[in-house]
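Let me begin by presenting the structure, written as structure tokens, before commenting on it.
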Amino acid sequence: MKINSICCIGAGYVGGPTMAVIAQKCPHIKVTVVDLNESRIADWNDANLENLPVYEPGLDAVVAEARGRNLFFSTDVDKAIDEAQMIFISVNTPTKNYGAGKGMAADLKYIELCARQIARVSKQDKIVVEKSTLPVRTAEAIKNILDHTGNGVQFQILSNPEFLAEGTAVQDLHNPDRVLIGGEDKDAIKSLVDIYANWVPAEKILTTNVWSSELSKLTANAFLAQRVSSINAISELCEKTGADVSEVSKAIGMDVRIGSKFLKASVGFGGSCFQKDILNLVYIAKSYGLHEVADYWEQVVIMNDHQKNRFSRNIVQTLYNTISGKKITLLGWAFKKDTNDTRESAAINIAQNLIAEQAKIAVYDPKVSEKQIKEDLISLDENQLKLIQVNQDPYEACHNSHAIAVLTEWDEFNTYDWQKIYNNMLKPAFIFDGRNLLDKKQMTKIGFTYIAVGSSNL
Ligand code: NAD
Ligand code: UDX
């Protein structure tokens, strides 16, 4: 089938950018992105591109090029499903927070709702594409729902997981390492291959069976997260022994079998994917009785929790075992640079830990709103919330502070006048660099007590 009309259900961090790039690269295809969330759709349609709901470098230009031409954002889900030959499901698949598998399994209720809506609305044959990250064998459940609608429509199911990373989404979509398409039906596979072939070289479009494709996505995220936990585990050992984790990363990364990427020690990984997808993998392994496999992968998340907690513990210990009433500045709230996404950001955990010790917290992040930061701390009570202040200006955030914790690796932090910041802080002035971002020599020369992850002053 030659595709000229696509619908994507879910206008989030994946649906929005992914479909914007498909529309940009395939002007002959009408792409409609739909969502139940009216304000999100309104933001995607906002004339001012600064108000797009997802901040990604370069995304505004892509949207500007395609929106209104062949890219549309709408809340009319039924109409978009009805008109499309191919439907991408790109809704959220969070960790289940109730019932069996609570805290581990993926919650597939939004996926099932989409499948039922597609089944109800469709009057012609359609290709349904799993874009969301799903447990292996979900396609079977989707197919069961679609095949029992009684209205005689034929559905083909493909798995096409998304590998973009936030902050580099547009770049990743323009030049993917690979595009993965899992399916059974050759014609359906070809229809999707042909779309990507508009800009992705043929050798980078990989086709597999559905189950391999579904499982590859969970596996890729598990491997990536495992590298971060591995280097973070080594960072703790470095702090005890006088080794420097950046030097160790460089030394091991030059081995082409290991590779240099994803070896940056940090305050702990965040983001909506890593933890959720590993826990999902752990749950799947357990459900097949594979307990060793489950324990092996669970350790990646346990290590990450340890890394976040020991970072805040170190702040308390270094500040003479009490931070009650002391002002501590958090530079960065997003889970990584170049995104406004804060889901599972280490900053949330660190802030909660410091507030439990009654510290006063000042936060500055170039892209995250005060509203978002307060929402992330919803579990705090009213009195605890009073301990948080969000600044629009980094110098104000650092004024009269006892310590600064760098939690996101925003480039702009390196451009600050650190002498000025130092002059306006209480002494001794501490920096806890959770990203090893700042220049240790420069900071020490200014007079800061500079504490990085994975190195000591032994
Ligand atoms: P998101 O929460 O940003 O967006 C999902 C959207 O789906 C929301 O706007 C929600 O309102 C909408 N939605 C839910 N149910 C709906 C329904 N029945 N009808 C219409 N709209 C509905 O999530 P996301 O970050 O875009 O992630 C989506 C999927 O992609 C997840 O499975 C995730 O694991 C996967 N993924 C995410 C990333 C990433 O970097 N964020 C990368 C690769 C894969
Ligand atoms: C991840 C995967 O990279 C992507 O392929 C998948 O589609 C979605 O999940 P994302 O979570 O957006 O992408 O960002 P990523 O760059 O993977 O970073 C995840 C977290 O790990 C961030 O908090 C980041 O700061 C941290 N990280 C990453 C490290 O601490 N050290 C590193 O060396 C790399």
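We number each residue from 1, going along the chain as drawn.
Cβ coordinates come from backbone N, Cα and C, glycine included.
According to TrEMBL, the features are:
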type	residues	note
BINDING	10-15, D35, R40, 91-95, 132-133, E166, 273-276, R343	NAD(+) binding site
BINDING	162-166, 217-221, R257, 264-270, 335-336, R435	substrate binding site
ACT_SITE	C273	active site, nucleophile
DOMAIN	329-440	domain 'UDP-glucose/GDP-mannose dehydrogenase C-terminal'
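Put simply, G10 (NAD(+) binding site) is 17 Å from A165 (substrate binding site) when counted between their Cα atoms. In the three-state DSSP classification, Y13 (NAD(+) binding site) falls within coil.
Of all the recorded positions in the list D35, T95, C273, Q275, the shortest Cα-Cα distance to E162 (substrate binding site) is found for C273. Taking T95, L218, A265, G268, Q275 as the candidate binding-site residues, the subset whose CB lies under 6 angstroms from any atom of ligand 2 is empty.
For T95 (NAD(+) binding site), the same-chain residues that are 6 or more apart in sequence and have a Cβ closer than 8 Å to its Cβ are G103, M104, A105, A106, D107, Q275, K276, L279, N280.
Checked against ligand 1, the binding-site residues Y13, D35, N92, E162, F335 give Y13, D35, N92, E162 as the ones with a Cβ under 6 Å from it, listed in sequence order. When secondary structure is read from DSSP and collapsed to three states, N221 (substrate binding site) falls in the helix class. Annotation for the binding-site residues N92, N221: lowest Cβ count within 10 Å of the residue's own Cβ, N92. Between the alpha carbons (Cα) of D35 (NAD(+) binding site) and C273 (active site, nucleophile) lies a span of roughly 20 Å. In the three-state DSSP classification, T95 (NAD(+) binding site) falls within a strand.
Ranked by Cα separation from E166 (NAD(+) binding site), the recorded positions L218, N221, A265, G268, C273 are led by C273. Close to A265 (substrate binding site) in the fold, though at least 6 residues off in sequence, lie I231, N232, I234, S235, C238, V245, S246, S249, N436, V453, G454, each with a CB less than 8 Å from its CB.
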